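These features come from Swiss-Prot:
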- 50-65: compositional bias 'Basic and acidic residues' (COMPBIAS)
- 43-102: domain 'Collagen-like' (DOMAIN)
- 103-240: domain 'C1q' (DOMAIN)
- Lys28: O-linked glycosylation site (CARBOHYD)
- Lys60: O-linked glycosylation site (CARBOHYD)
- Lys63: O-linked glycosylation site (CARBOHYD)
- Lys72: O-linked glycosylation site (CARBOHYD)
- Lys96: O-linked glycosylation site (CARBOHYD)
- Lys28: 5-hydroxylysine (MOD_RES)
- Cys31: S-(2-succinyl)cysteine (MOD_RES)
- Pro39: 4-hydroxyproline (MOD_RES)
- Pro42: 4-hydroxyproline (MOD_RES)
- Pro48: 4-hydroxyproline (MOD_RES)
- Lys60: 5-hydroxylysine (MOD_RES)
- Lys63: 5-hydroxylysine (MOD_RES)
- Lys72: 5-hydroxylysine (MOD_RES)
- Pro86: 4-hydroxyproline (MOD_RES)
- Lys96: 5-hydroxylysine (MOD_RES)
- 29-100: region 'Disordered' (REGION)
- 1-17: signal peptide (SIGNAL)
- Pro57: site 'Not hydroxylated' (SITE)
- Pro66: site 'Not hydroxylated' (SITE)
- Pro71: site 'Not hydroxylated' (SITE)
- Pro90: site 'Not hydroxylated' (SITE)
- Pro99: site 'Not hydroxylated' (SITE)
- Asn225: site 'Not glycosylated' (SITE)
Amino acid sequence: MLLQGALLLLLALPSHGEDNMEDPPLPKGACAGWMAGIPGHPGHNGTPGRDGRDGTPGEKGEKGDPGLVGPKGDTGETGITGIEGPRGFPGTPGRKGEPGESAYVYRSAFSVGLERQVTVPNVPIRFTKIFYNQQNHYDGTTGKFLCNIPGLYYFSYHITVYLKDVKVSLYKNDKALLFTHDQFQDKNVDQASGSVLLYLEKGDQVWLQVYEGENHNGVYADNVNDSTFTGFLLYHNIVE
């Protein structure tokens with residue numbers, strides 16, 4: 001340490017030579033005998049440099065997780081109607097409905113026959129053999145059907161013809177509407193028949209009778225041959 005201090009002192013003294021003489025060069029190299037000074041403190045940080053240029057694109061990263069579901073979009077325009085699909089399977093049966101109101105059934109019918117040969121022409125034929133007359137709309141004492149229910153009726157008759165020709169008419173309220181003529185063939189039993197649809201009002205009467213006298217009164221009946229008269233209501237015309 002004493003030697004180092006002496007050297008520093010000698011260096012600080014002025015030279016006794018000429019003023020223009022250069023100072024002798026300092027020794028070079030680590031082997032010159034000089035010792036390094038104490039390291040100084042670190043300097044202040046410099047100002048940040050400018051942004052560098054963009055680097056080259058990196059490799060494609062891995063697929064990310066799905067994002068959150070976005071809000072519902074606006075309703076789109078109606079599309080074109082598609083083709084008709086196949087027929088579906090039958091549905092399950094529905095519940096049983098409640099009972100409906102009962103409908104009243106209007107009935108009017110009769111079917112009658114002769115018990116013996118007709119002897120009197122030009123009057124209603126009295127059919128007294130009753131097959132059906134539950135409503136009693138046919139009167140066996142007069143031979144006439146009396147309409148109690150307005151509506152459409154069907155009437156028919158089948159006459160056994162024997163011994164004479166037959167001319168029979170169906171009457172409605174004293175007016176002949178239907179005519180049947182059958183000529184008797186000797187020793188043979190024949191049949192004559194007719195049928196008609198009639199609309200009747202309440203109070204109308206319908207019957208059969210022989211017309212044009214005794215020579216056309218071959219209406220016949222016995223225990224094996226019948227002559228019949230039938231009528232019944234097809235549908236009523238009652239406003240409820």
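Cβ coordinates come from backbone N, Cα and C, glycine included.
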Given the recorded positions Lys60, Pro71, Asn225, which one's Cα is the least distant from that of Pro42 (4-hydroxyproline)? Lys60
I'd like to know the mean pLDDT over the domain 'Collagen-like' (43-102). 84
Alpha-carbon distance [Pro99 (site 'Not hydroxylated'); Asn225 (site 'Not glycosylated')] in Å: 49
Whole-number Å only: compute the distance from the Cα of Lys63 (O-linked glycosylation site) to the Cα of Lys96 (O-linked glycosylation site). 61
Which residue counts does DSSP give the compositional bias 'Basic and acidic residues' (50-65) for helix, strand and coil? 0 helix, 0 strand, 16 coil
Reduced DSSP assignment, Pro90 (site 'Not hydroxylated'): coil
Looking only at the domain 'C1q' (103-240), what are its DSSP counts of helix, strand and coil residues? 3 helix, 75 strand, 60 coil
Cα separation, Pro39 (4-hydroxyproline) to Pro57 (site 'Not hydroxylated') (Å, whole number): 45
